[in-house]
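Chemist: Supplied in C-alpha cells, the structure appears directly below.
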Amino acid sequence: MAVSSPTSSSSSSESLPLPSSNFASLPIMAMKRRIIDKILENRVTLIVGEPGCGKSSQVPQFLLEANMAPILCTQPRRFAVVAVAKMVAKSRNSDLGGEIGYHIGHSKILTEGSKILFKTAGVLLDEMLDKGLNALKYKVIILDEVHERSVESDLVLVCVKQFLMKNNDLRVVLMSATADITRYRDYFKELGRGERVEVVAIPSPDQRTIFQRRVLYLEQVAGLLGVSSDLSAYCPGPSPSSADTEIKPELQNLIHDLILYIHEKEPDIEKSILVFLPTYYSLEQQYHQLEPFFASFEVHILHRSIDTEQALAAMKICRSRRKVILATNIAESSVTIPKVAYVIDSCRSLQVFWDPSRKRDAVQLVWVSRSQAEQRRGRTGRTCDGEVYRLVPSAFFNKLEEHEPPSILKLSLRQQVLHICCTESRAINDANALLAKAMDPPDPDVVDDALRMLLSIQALRKSPRGRYEPTFYGRLLASFPLSFDASILVVKFGEMGMLRQGILLGVLMDTLPLPIHHPFGDDSLFLEYVDHYFGGSKTISGGRREMVLMANFCAFQFWQRVFKDKHRLENLKQLLSKEKDKDLKLMFPEIEKEWCDFHNIAQSSFYHVSELYEDTLSSFHRFRPQFISSSDSQPTYYNPYEFDHTCYIECQPSEDKYLHSEDVDNNQPPPEVRKCVSVPFVPPNAFQANAIAENMASIIKEIRTQCTPSESDNGHGALEPEDYVEYGEAPVCVYFLNGYCNRGGQCTFTHTLQSTRPACKFFASSQGCRNGESCLFSHAMRRRTTSYLPPPQCLPEEDGSSTSPLLDLFPTSSEGCILVFDDSDMHFTSSIANRYPSWRILSTSSSSETLFCDSSLADTRIFWGLNHPYQTIISKAGRENPIPWNEVKCVLWFLNPDSYADTPEKQKTILQNFFEHMAIRLLGDKLYKIRVVLTMNNVRFSLLQVEKLARESFFFLGESFPHDSESFGAFQDTLTIQKPMLVSRPISYVFNLHPPSDIQFGNYTSLLRKSLHNK
C-alpha cells in the first residue's frame, strides 16, 4: 500500500547545520534527564522547542541511552528522514544501516538489529494499515513536526491513538516548534483515567549564542523604499477575509525594489536573500525582472517541479555576486539554505483543495497562517543576524489564522478511505468511525461521497451487515504506490492489453520533476524539448498536459532503447571477456548523466520513475488479475525495430542566463554545454506513441465520467460508449446563453434554455475545466439506465490449471526438443515424460549420477553433474558444451530459490546469472526462437523482481499461467499469505528473447559468438 505522495524534501533539516561537536551546547542537552523521566512516566509526551534546539537529533539518542530501544522516529518528508538519520549515525560513530536505519519509499537502509529507525509518516501509515498493531513493535514512537498537518500525519496520529487504547506499554512522543499544546492535550485526554499529555518545553538558548531576527511589515518597507503610503496596491483589503491574494505587478515591483535596496545597503556579498512567492508563474515574473541584474545576482529557484537536492547542491557561496533564492513554500521548513540573512515574505501560499464542481483537485491562492510565517522567519538568523520583510501591514498580519487548515479538511479522501477499508485491523478499518476521531474530523458528507464513488466503481462493496469491504479491484488499486486516478488508469490499460505502457504513464502522471528538462523562465525552449520526443501534439485529443506526458513517455522509451540497451549489451560482452573493463562500471553513472544532459533529460527522474514502475508491476504479479496471464511485456520501444539514433554533439551557449559562480570567481569564459543536435530524438509515431496517446485520452475521459456521479443516476447506471450523444437534438447556443448571439434565426444551434448544452471538452481531460460550475458548456455525463450492475471491472485470475498452455509451447515437429534445467531428482522430467515423448526431452542436474531407475525416462538424454550457469549454458574455457543447443526449442526451469541461496540478494544473483548466460548463448548462436519457461511461486517472482532481471538481458515476459501440479509435478516452494485476495501459487512464466537492433548497435552477435566459442 502507498498513501503518501512522492516528495523529496525535509522538514527537520532545520537543525542540520550544527556539527557533532556543537551538540553539547544545544538547549535540549540540559533537559535530558527531565525528558527521559517524563517519557517513562507518561504514555504521551509533547516536546515543544524552537527550530534548531536539537529535538530531532537528540531525543532519540536520549531514549537509546536509557535502554528504551527500539525507537521509531517519523518525519513529514523524505529528505528529512535521510538527513537526520545520517546526522545521528555520524554523531554516534555508527554506519548508517546498522544501529541507525531509515526507510523512505522503496529504500530501506536498516537491519533487524537497528535500534533507531527513521521513517516518513507515509511509510508508517502504510505499515499500520497493512499490519495493524504489529507495525508498532517499538518501545517509543516519536512523531516529529506534528504541526505539519498532512493527511498522512493526521491519519498516523489517529491510528496511533487507537492502538494506544490496546497497548498500555506503548510510548508516544510528539515534537514541534509551533504545536497548539491545548489541542493535543484535549485530543489524548480520553486515553485513560488519570492519564494526560505531559508537556516539556525546551527553553530558548542564551541570547548571546543566537543571532537577532528583525521583522518589518509593509508600512515599514514602504517607508524604507520611499513609496506611496497607500498600501492598497500591495495588500488590497483591511483583513485576510476580504483582501485579494493576487500577486499584482505593483507587488512584484515592490519585491524587486526591496531586493535592490538590500543589495545596496548590505556590504557582505555572501549574505543571501530568500524570497517567498506562491506560484511558479510568480517566481517566473520576479526572475524576469531580475534578468538585467544577473551581473550582480546569482538567482536560484526552489519549486517542486525542479529537483530540490540538485538545486541546493548548486547553491555554493558566491564571493562575486549575491545569491537570491526565489522559492515557494517548499523552503519553509523543507530545506536548509546556508547564509540566508534576508527573507522577503509575500505572505501568500498556493493551497490544494478538492473542487466538488470539477470533481478533481484544484488550487487557490490563500493567505498564510501566522505559524507558516514563523516557519519562514526561521529560515534566517542562524549563522548571522537576519531581517524578515512581511509584505502585509502589521495589523493585517495579526488577523491571519494562527494555523493553516489541515489537509484532511481540503481533499476528497477517496484514496485514504479506500486504504482504510482495506486494512485488516478492526480498530482502524471503518472509514467513517476512524476519520470522525481525527483531530480535525472531515465533513461526513465528504467521506460519504468518497464511499459512494468507491462503491460505484466497485472498488468497495457493502456486506450484509452494512460494512464497506474492499473488492479484489479495490485491494489491487490500494496496493499501488500511485495516486487514485493514476491507479485506475493503470488497470484500464491492463484490461486493454497494454499493462506496462499504462504503468509507465501512471507513474509519470505522479512524477515531479518529470524527466524532460524544463528550463526555468523559458517555456518556448521547454516546448522545443518536448517536441523532440513527441511530435503528435496536433493529432491527439487532450491538452498540453497530455502532450507533455506523452513526450516524457517517449523520452523514457528512448533512454531504454538507445542508452540502456547499449550498456546491457556491453555488460554481456564484458561477462565473457578475459580483460574486463573495471573502469567502465565505475564511470557508468557519470557516462549516463552526461548522455542524459546531451538529450535534455534528467537521470535522477528516470531512476525515480523506474523504481515506482517496478513496485507497481510487482503488485500485479502478487494479485494476478485476469488480464495478466496474456499480458505481453515486449516494450513499445521495439516498434519500429529499425529505430536508429546516432548522436551528433555540438557545443552551445549555456541556457542559464547567468554565469555559474565558480566561473565568475575564477575569471573563466562563459560556460558552454554539449548537446545532441540529431533531432527529433523520437520520430513521429515511433514507439506506438499516437495509439497510446489516443488510448490515454479515451481512458482519462472514461475515468472522469466514472468518477462524476450523474444527478439522475440511481446507482444502476452504465456508461454510454459516447457519453456526449445528443440524440438528434441541436445543442443550445452558448453565445445565446451569454446574451450575444448575432445570428438570430439563422443560428444552427437552439435558442431555448431547455435545450442540452454542448459538452465541455476540457472537463473530460486530465486537467479538467477551470471554470467549474460557471462553465457555459455541459459537465453532465450521460448514462444509460440498465436493470443490472455491470460485472466487476477487474477480476482475479481463475484458480484452475491446465496442461494445454505448457504443452502448446513444446515443439511438435520431428525436429526439436525441450531442455529441463537443473532437475536434481528428475521429479519434473518424469512428470513431463508422461505427457510428452521422452526421447524429445533433455534434462540436466547438478547432482552426480546415481542409481536412478525410471523406465519412462529410458529414452531421455540426462546430463548429470552440470553446474549452473557454467557447464549447462556455457562451458568453461577449453571445454565443449554437452548440450545440443541447436536442437533445443524450449528451456524449462522449475525454481525453488531457497534451494540455491538463503537470502533474496543471493537469489537475485542466481537469476541474473541465468538470464545473462542464456542471453549470451541465444544471441551468440542466433537461437532467437527458444522460449524460456521459468516456473516459480508468484510471490517470490514479485519480491525478487524477476521480470526486471530478465529485461536486463533482453528477455521479455510473453505470457504466464498457473502451473499444473497434477500433470507436471508438485511444486515444493509454497509461501503462506495471510492477506485476503493475494495469490500464492506456482506460476509458469514464458520469456521471449527480443534481440536489440543491429542497426542501432552494429554486428554485436559475431562478437558474442566469438567470445562464446573461444572460451
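Keep in mind that glycine also has a Cβ here, set from the backbone N, Cα and C atoms.
I grabbed these lines from Swiss-Prot:
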- G49, E50, P51, G52, C53, G54, K55, S56: ATP binding site (BINDING)
- 36-197: domain 'Helicase ATP-binding' (DOMAIN)
- 254-419: domain 'Helicase C-terminal' (DOMAIN)
- 144-147: motif 'DEVH box' (MOTIF)
- 727-753: zinc finger (ZN_FING)
- 754-782: zinc finger (ZN_FING)
Chemist: According to DSSP, collapsed to three classes, what secondary structure does E50 (ATP binding site) have?
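Modeler: Its secondary structure by DSSP: coil.
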Chemist: Quick one: average pLDDT across the motif 'DEVH box' (144-147), no decimals.
Modeler: 87
Chemist: Three states by DSSP: which one describes S56 (ATP binding site)?
Modeler: helix
Chemist: Go through G49, E50, G54, K55, S56, the listed binding-site residues, and name the one with the sparsest Cβ surroundings, counting other Cβ atoms within 10 Å.
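Modeler: With the binding-site residues G49, E50, G54, K55, S56, fewest surrounding Cβ atoms within 10 Å: E50.
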Chemist: Count the Cβ atoms, other than its own, that fall within 10 Å of the Cβ of G52 (ATP binding site), considering every protein chain shown.
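Modeler: Here the count is 22.
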